[in-house]
Amino acid sequence: LYISVVFLLYLKTYTVKTAAECAGKCDAEAAFTCRSFVYAEKDQECLTIPANSKIEMVLRRMSSVLYEKKLFLKECVDGTGTNYRGTKSRTKSGKVCQRWDSKFPHVPNITPEKYPRADLEKNFCRNPDNDAAGPWCYTTDPEKRWETCEVQSCSEECMVCSGEDYRGKISKTESGFTCQRWDSQTPHNHGYLPEALPDKYLEQNYCRNPDGEPRPWCFTTDANKRWEFCNIARCTAEPPTVVPQLTCSTGDGRSYRGTIAVTVSGKTCQSWSSQTPHKHIRTPENYPCKGLESNYCRNPTGERSPWCYTTDPNTRWEFCEIQTCGSEPRPVIPQGDDCFEDNGSSYRGATSETISGKQCQFWSSMLPHRHDKTPQNFPAADLRRNLCRNPDGDRAPWCYTTDPSARWEYCNVQKCSAKPSDSNPNLHIKLNGSMHAWSSMTPHYHGSFTPETHPDKGLEGNQCRNPDNDVNGPWCYTTDVNKKWDHCKIPDCVNELECGSPKTMPAQCFGRIVGGCVSKPHSWPWQISLRTRSSRPSAYKVVLGIHSERATEASKQERNVQKLVLEPTGKDIALLKLDRPVIINDQVMTACLPEKDYIVPGKTPCYVTGWGDTKGTGGEGLLKETGFPVIENKICNQPGYLSGRVKDHEMCAGNIEGGTDSCQGDSGGPLVCYTQQRFVIQGVTSWGLGCAEAMKPGVYARVSKFVDWIEKETAKM
């Protein structure tokens, strides 16, 4: 268990059957104000905690879930704020609050002892006496005994800064259009899915700012108007404070407030308040909380690092070279099989996805989860980027997730196992000792996992099972009175060949095809090479199972094209009917089709492969790969990008600074995205302006828009 030492003595432990019972223990806690609790289902153990992730480093516990009370996470007030339990600690005039348990510089009349239910902790603003003006505090200014704090009303329809945290209920645009629901794809398809962006609060059809625009916006219900800004006033409350980083930056550099004003190539930055030589909307007026002073490098839009517009008319913008605080090492994609030994403490692979498909949070970032597992605190743990690691000796590599509702999870990386062997489904070999039946309550009482609670999990007898999808595999309760449960030692099955599940996992290199990474042989087994002697389908030949363009491998399969099926409305996608079936094996298999009409959320990491032009950067003739994020069509169609050229049946992907792209010779190739432990073909390489140029991402046919057509045509073949 990892919890701030300050609170270690105040933890309370209970034995309960459910998380709901644990929540009840937290509500009824008398020893302290319970802000969060940890529930371990296997152990049926409940720990109530006086801290939450806003005020202390309340961290992880193996095989358990952290729950936090919403009341203590809100930073706004209802009514006069008597129930306010936020962390504001400055008054309206900016004075720092005095601690409630302190007698200096002011001897207080209102103390934690007199008002035990008012949560008068530290120096946070509170309203214990129901003052009509709202939360207040004693100040640390000897000349000012007390003062009201400025805390935003929860019902106030205003925004702070650029409205990134706006949670109001305005649902009309500035021209009067009604907003489209975020969970709807009618009349406009989009990638701003509530389930993919849970930290953006994309509720109903309320105006929001999920992508760094100057203010909240929404898609409209008018088919002729895709999206528009909403008219929301700025709050008068003091904006949140930023701890400035003056000489270096961490994470993506949003807190950098230094004075570097030159880009990586030596170009002088354009002033943020200027529209010459480049017109733009990233102005101090539109982004009042981003420190857009003079022409200093900043990151107002959440890019990978600080940047600026340049004074060169031919170069719109570039990144700046800002020293990383703590000299974080440059990522290097590890070689070899992506698996881990023992508990994974030595794992240095490239996986950055959890067992449930969530993307990992960067170790150097505190969003959405605050933590102390940073590269600075664990210099030997190789905490680079958002790669899965095991800095604290847990059971397997893990990471914090980008989902605010899931603090951490184990990663989707397998243990380096011995040669697979046949397995018996009734094997019950435990790691250490023997086990008792799931229905038995001796020697260990347990109510969470029984044949009655999980009738579909096969909990008959005392065989090893995995009713809770434990990443380490099947387990059981033991007959050892000192060991409640343990994992079982069961041989791995020989993997069946399934779509999108290559035997050799790809390196998943976020590098370049233009200038980038040579793939592991046969790690992208759905890749084909289409060769032709003329434009007639009968002259087409498909080569499968190869890594080199020369196609000298023994795994090579060749098939002629019997029929070419074009998309009937002229879209840039086609099907090929082969003259005979291919042999599905470890070197030749299919990627999975997406769900019909699925829209890949922006910033989802995806990969393209091909033998296309690498501009003389090496690796010619070998299959190469590159990874880059999906760019939502709303952004891709902005004037600085592709200016409205991208249609709903297409999608964009690439790095906005350029240098990473599919290129000539890659057309028709796959864009695949890894989700739920398989690769899904979301796009087919179609077109682009140039090759790997800044602000000009690649455009792909969106496969989910053609699923009905694909299934209809393949049924005929």
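First residue shown is number 1, and so on along the chain.
In case you wondered, yes, glycine gets a Cβ from its N, Cα and C as well.
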Check for me: which candidate out of Cys269, Cys289, Cys325, Cys339 does TrEMBL give as the disulfide partner of Cys308?
Cys269
Disulfide-wise, see what TrEMBL says Cys416 is paired with, picking from Cys325, Cys339, Cys493, Cys499.
Cys339
Pick from Cys161, Cys179, Cys248: which one does TrEMBL say forms the disulfide with Cys218?
Cys179
The disulfide recorded in TrEMBL for Cys320 goes to which of Cys297, Cys325?
Cys297
Recorded disulfide partner - Cys360, candidates Cys399, Cys411, source TrEMBL:
Cys399
Bond partner of Cys158 - disulfide, per TrEMBL - picked from Cys76, Cys230, Cys235, Cys248:
Cys235
Taking Cys230 as one end of a disulfide recorded in TrEMBL, give the other end from among Cys207, Cys289.
Cys207
Candidates Cys158, Cys218, Cys230 (disulfide-bonded residues) - the one closest to Cys411 (disulfide bond) by CA:
Cys218
What stretch of 75-154, 157-235, 338-416 shows the most Cβ pairs under 8 Å to the domain 'Kringle' (436-493)?
338-416
Rounded Cα-Cα span from Cys360 (disulfide bond) to Cys179 (disulfide bond), Å:
32
Reported as an integer number of Å, what is the Cα distance between Cys235 (disulfide bond) and Cys207 (disulfide bond)?
16
With an 8 Å cut-off on Cβ-Cβ distance and a minimum sequence separation of at least 6, pull the same-chain contacts of Cys207 (disulfide bond), or say none.
Gly163, Tyr166, Gly168, Ile170, Ser171, Thr173, Cys179, Pro216, Trp217, Cys218, Cys230, Ile232
What is the three-state DSSP composition of the domain 'Kringle' (75-154), stated as helix, strand and coil residue counts?
0 helix, 13 strand, 67 coil
Proximal residue to Cys297 (disulfide bond) among disulfide-bonded residues Cys248, Cys325, Cys399 (C-alpha distance):
Cys248
